[in-house]
């Protein structure tokens, strides 16, 4: 049962991470006029240029929170352009290993907590009955009717 719970938690985390990576949340208020997205794309001669795309909310589309999917711009050839990363390779590697260690540590911590909750403490365990069951445990002596008739 706990394995199923952990599986569902891991699956929901994967879904939420993939949802965050494909969507972007933009805050719009009535005073905001535009949301600007900048992408760095490479030209054919390997020099970089900055493309700016502005999205202006219309008066009837203004909301507190709107979720929209933002795709990278396409070049004239119709191919998508890879975005430039702000981190170097060692930093990205450390980030990935850090996230992996965090997820594995969380799973181990949850399983340790579950094991501690399932395990009974020695005070909760009832003692085994004594092998000498002939002797009654009450302090009141009961008269035996067979011996009283004599």
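In case you wondered, yes, glycine gets a Cβ from its N, Cα and C as well.
When 47, 52, 77 are compared with the annotations in Swiss-Prot, the one labelled O-linked glycosylation site turns out to be 52.
The O-linked glycosylation site entry in Swiss-Prot, when matched to the candidates 18, 66, 88, corresponds to 66.
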